[in-house]
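Asker: To start, I am sharing the structure in question, which I have written as structure tokens.
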Amino acid sequence: NYHVLLGQNNLSEDVQHRLVSQSFRHPDYKPFLMRNHTRKPKDYSNDLMLLHLSEPADITDGVKVIDLPTKEPKVGSTCLVSGWGSTNPSEWEFPDDLQCVNIHLLSNEKCIKAYKEKVTDLMLCAGELEGGKDTCRGDSGGPLICDGVLQGITSWGSVPCGEPNKPGIYTKLIKFTSWIKEVMKENP
């Protein structure tokens, strides 16, 4: 059993607590592929899990509904990422305040050149090529919001984070909206 805290921007804030009654990992998420006892390049496609809360969230100034994408995000868009992950690229250091930064949506070709792991059309590439602005260890599952729409979910990137020419990789939600809606419909 686990729970979520909704609307938290600082560790000392009083927020909404909700138990998670069920989780739904995407059925095609298979991060470790082995063939002939040899590890192949990791493929983190379909890196997505939905959580069903034991009771609905209260919509407030700090807890809002966000739109799912209805069209492809545009390369060059400025997007907001946030998370509670490490603030130190090389070590585990966690903040007392939710961290947010604006980054740019890049072509997937930039990430294909940067990584030996597979970058697929189920992913988005975002960051700053000069480095310094990135999600980091512990931020996975956080939002990538472009023009007020939830376009991606933080998936993976370089270690250490924030390296030049090593943008972050995000699950591309436009590819999963049918699955999301189906799971929500079947589990009201």
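Numbering starts at 1 and runs along the chain as it is shown here.
Cβ coordinates come from backbone N, Cα and C, glycine included.
Dumping what Swiss-Prot says about this protein:
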| type | residues | note |
| --- | --- | --- |
| ACT_SITE | Asp47 | active site, charge relay system |
| ACT_SITE | Ser140 | active site, charge relay system |
| DISULFID | Cys79-Cys146 | disulfide bond |
| DISULFID | Cys111-Cys125 | disulfide bond |
| DISULFID | Cys136-Cys161 | disulfide bond |
| DOMAIN | 1-185 | domain 'Peptidase S1' |
| CARBOHYD | Asn10 | N-linked glycosylation site |
| CARBOHYD | Asn36 | N-linked glycosylation site |
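For each listed feature, how buried is it and what is near it?
Answerer: Annotation note: Asp47 (active site, charge relay system) sits in a coil segment as assigned by DSSP. Its own atom aside, the Cβ of Asp47 (active site, charge relay system) has 21 Cβ atoms within 10 angstroms in the protein chains shown.
When Cβ atoms from all protein chains are considered, those within 10 Å of Ser140 (active site, charge relay system) total 18, not counting its own.
DSSP assigns Cys79 (disulfide bond) to a strand. There are 22 other CB atoms within 10 A of the CB of Cys79 (disulfide bond), with all protein chains counted.
Under DSSP, Cys125 (disulfide bond) is assigned to a strand (E or B) in the three-state scheme. Counted within 10 Å of its Cβ, the other Cβ atoms near Cys125 (disulfide bond) come to 25, all protein chains included.
Cys136 (disulfide bond) falls within neither a helix nor a strand when secondary structure is assigned with DSSP, and so counts as coil. Sequence-distant contacts of Cys136 (disulfide bond), defined as residues of its own chain at least six apart whose C-beta falls under 8 angstroms from its C-beta, comprise Gly83, Gly85, Ser86, Thr87, Pro89, Gly157, Cys161, Gly162.
Taken as a whole, the domain 'Peptidase S1' (1-185) shows an average pLDDT of 92 in this prediction.
Neighbour list (Asn10 (N-linked glycosylation site), Cβ cut-off 8 Å, at least 6 residues apart, same chain): Asp96, Asp97, Leu98.
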Asker: What does DSSP call Asn10 (N-linked glycosylation site) in the simple three-state scheme?
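Answerer: The three-state answer is strand.
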Asker: Three states by DSSP: which one describes Cys161 (disulfide bond)?
Answerer: coil
Asker: Which number gives the other C-beta atoms within 10 angstroms of the C-beta of Cys146 (disulfide bond), all protein chains shown included?
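Answerer: Neighbour count, Cβ to Cβ under the 10 Å cut-off: 22.
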Asker: Within the chain of Cys111 (disulfide bond), which residues six or more apart in sequence place their C-beta under 8 angstroms from its C-beta?
Answerer: Val119, Met123, Cys125, Pro167, Ile169
Asker: What's the number of neighbouring CB atoms sitting within 10 A of the CB on Cys161 (disulfide bond)?
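Answerer: Neighbour count, Cβ to Cβ under the 10 Å cut-off: 24.
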